[in-house]
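*Asks:* Input: one structure, supplied below.
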Amino acid sequence: MVLWILWRPFGFSGRFLKLESHSITESKSLIPVAWTSLTQMLLEAPGIFLLGQRKRFSTMPETETHERETELFSPPSDVRGMTKLDRTAFKKTVNIPVLKVRKEIVSKLMRSLKRAALQRPGIRRVIEDPEDKESRLIMLDPYKIFTHDSFEKAELSVLEQLNVSPQISKYNLELTYEHFKSEEILRAVLPEGQDVTSGFSRIGHIAHLNLRDHQLPFKHLIGQVMIDKNPGITSAVNKINNIDNMYRNFQMEVLSGEQNMMTKVRENNYTYEFDFSKVYWNPRLSTEHSRITELLKPGDVLFDVFAGVGPFAIPVAKKNCTVFANDLNPESHKWLLYNCKLNKVDQKVKVFNLDGKDFLQGPVKEELMQLLGLSKERKPSVHVVMNLPAKAIEFLSAFKWLLDGQPCSSEFLPIVHCYSFSKDANPAEDVRQRAGAVLGISLEACSSVHLVRNVAPNKEMLCITFQIPASVLYKNQTRNPENHEDPPLKRQRTAEAFSDEKTQIVSNT
């Protein structure tokens, strides 16, 4: 019979222990008096907790692996508060259990010691024995292996077959700055209990961070750590204002590394080049770019009102669609032209450098008059993408009474994909109401809302998709603000469905 206990002596991590009594008769209903007395003594001892009964004698590690790992494999405590990176201050020596084996059997043995071997990125699990060149030392997990009794039966069997002594030795392993992960370094440096930043957006060789106020005193150190710990990153920048100017770019500060903001990125098998300091680019929208691209079929037409450097326009053009792409920012316009040539779609994309409203009321109006006037057999599907979440809904007013003449069939009316931010408790309904208010109609039953991403706590980015009603698009049409004659684009998403999707996406972020 075996008693399992949790032993947590003062000042040490807890460990599970199994204690066996060879003289006890097994019984499902009766525990001998002597064993009962021992149990009571153990329960009264400081730091000991009764867990259950088993049938072997061994020492077991506690289960909170992550917490224990941070205790041993964390930087020295005296780096706390460091604002200028000193890599030499991260040296630390830890005591690691090792198993001495002949070098010719290492490979064969390691396959059987996966559980027991040390699993730590950046640390070699097998090293040369400094006292015997014909032998090797296998690093073992210090939270699983304490003595030879810590090995499992199968592991001991393999050791016996290979004539390896299970005797455990100790090895002083020196940890340096190179051995620690970026999150471990920042957690050790920043004030205790404060959030650390281990994530960033990668734009080619640039790491783009959004630091919080409490992290700013450590900003240069954080930038250098990001460069050190992420191969290929040679510059770290921090956004120092919101995207609130007319060109959608933001001011940034180079925290560490080179000043060069000219970069090249690959997204969905397409290449884009640009000056990141002068244009807008968000790598977190890659999935959204693909989603919209999949909605169009060869021969369709896309009007991209706020095209940036081309993440919507170029993939759509590659599908043999006709694309009209516009951006007010001269730098975006320049790189949009460049990237169209780079991706060999310059013959399929017409590029403009206009204000969004002027683009809609000029080139878009002219093209729509021609497209919607074609015979039914030749009419393509028309899509309008408006990716300017802070203001795009305001530009919907440009569609009001945009066209003259007799309305086309409702099935050929343009489909709008308009992006917006929302901090509302019901963001989908909020976006519907605001977009409908600008158009002067209700979009309640004729639109779908897609949650693009969670931007910040209580701030969502969404895309509302709908067909522009003929009563809005054409002059001299009777309008009913509560409803209109055009069929819904698709079944309306319920608030519950949107809430479920939001919860799922936030949990994956």
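The backbone N, Cα and C atoms fix where each Cβ goes, glycine too.
Checked Swiss-Prot, it gives:
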type: BINDING; residues: HIS289, ASP327, LEU328, ASP355, GLY356, ASN387; note: S-adenosyl-L-methionine binding site
type: REGION; residues: 478-509; note: region 'Disordered'
*Asks:* If I restrict to non-local contacts, at least six residues apart, and a C-beta distance under 8 angstroms, what lies near GLY356 (S-adenosyl-L-methionine binding site) in its own chain?
*Replies:* VAL305, PHE306, ASN326, LEU328, MET386, LEU388, PHE395, ALA398
*Asks:* Using a Cβ-Cβ cut-off under 8 angstroms and a sequence gap of six or more, which residues of the chain neighbour ASP355 (S-adenosyl-L-methionine binding site)?
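*Replies:* Looking at Cβ-Cβ distances below 8 Å from ASP355 (S-adenosyl-L-methionine binding site), excluding near sequence neighbours, one finds LEU328.
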*Asks:* Measure the Cβ-based neighbour count of ASN387 (S-adenosyl-L-methionine binding site), defined as the other Cβ atoms within 10 Å of its Cβ.
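*Replies:* By my count, 25.
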*Asks:* Which state, by DSSP, holds GLY356 (S-adenosyl-L-methionine binding site): helix, strand or coil?
*Replies:* helix
